[in-house]
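Undergrad: Sequence annotations record features per position, and here Swiss-Prot assigns heme c binding site to C13, C16, H17, M79.
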Amino acid sequence: GDVEAGKAAFNKCKACHEIGESAKNKVGPELDGLDGRHSGAVEGYAYSPANKASGITWTEAEFKEYIKDPKAKVPGTKMVFAGIKKDSELDNLWAYVSQFDKDGKVKAK
């Protein structure tokens, strides 16, 4: 995916999510270190029971399936988002989001 295009795609997520070194929980949890993170793992965020019980470890495949249709992947999620259907946009969004480590720093390539 294209990181710059993914950064632009992330504008759809910014109403509820932050990412990067100053990221904080908002309507949704901050997304630093998402690649390999377990669902329901961010301290101080009140997840839905469905999300906590989902047992997801976020990988590229899990992320794309979820972002395409959150309520189909995790029935009962409180994430209110219609989803992103275009594979190219999902590729770019994952390229952007997955580059941040748990401290919000861009990982060395």
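Cβ from N, Cα, C; glycine included.
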Undergrad: Using only the Cα atoms of C13, C16, H17, M79, which the record gives as binding heme c, return the largest interatomic distance in Å, rounded to a whole number.
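TA: So the binding residues stretch over 11 Å, Cα to Cα.
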Undergrad: What is the number of other Cβ atoms found within 10 Å of the Cβ of H17 (heme c binding site)?
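TA: There are 20 of them.
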Undergrad: What same-chain residues, at least 6 away in sequence, bring their CB to under 8 Å of the CB of C16 (heme c binding site)?
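TA: Expected: K26, V27, G28, M79, F81.
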Undergrad: For heme c, what surrounds C13, C16, H17, M79 with a Cβ no more than 8 Å from their Cβ centroid?
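TA: So the extra residues in range turn out to be K14, A15, K26, V27, G28, L31, F81.
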Undergrad: Applying a 10 Å Cβ distance cut-off over all chains shown, what neighbour count does M79 (heme c binding site) have?
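TA: I get 20 for this one.
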Undergrad: Cβ-Cβ under 8 Å from C13 (heme c binding site), same chain, 6 or more residues apart: which ones?
TA: L31, L93
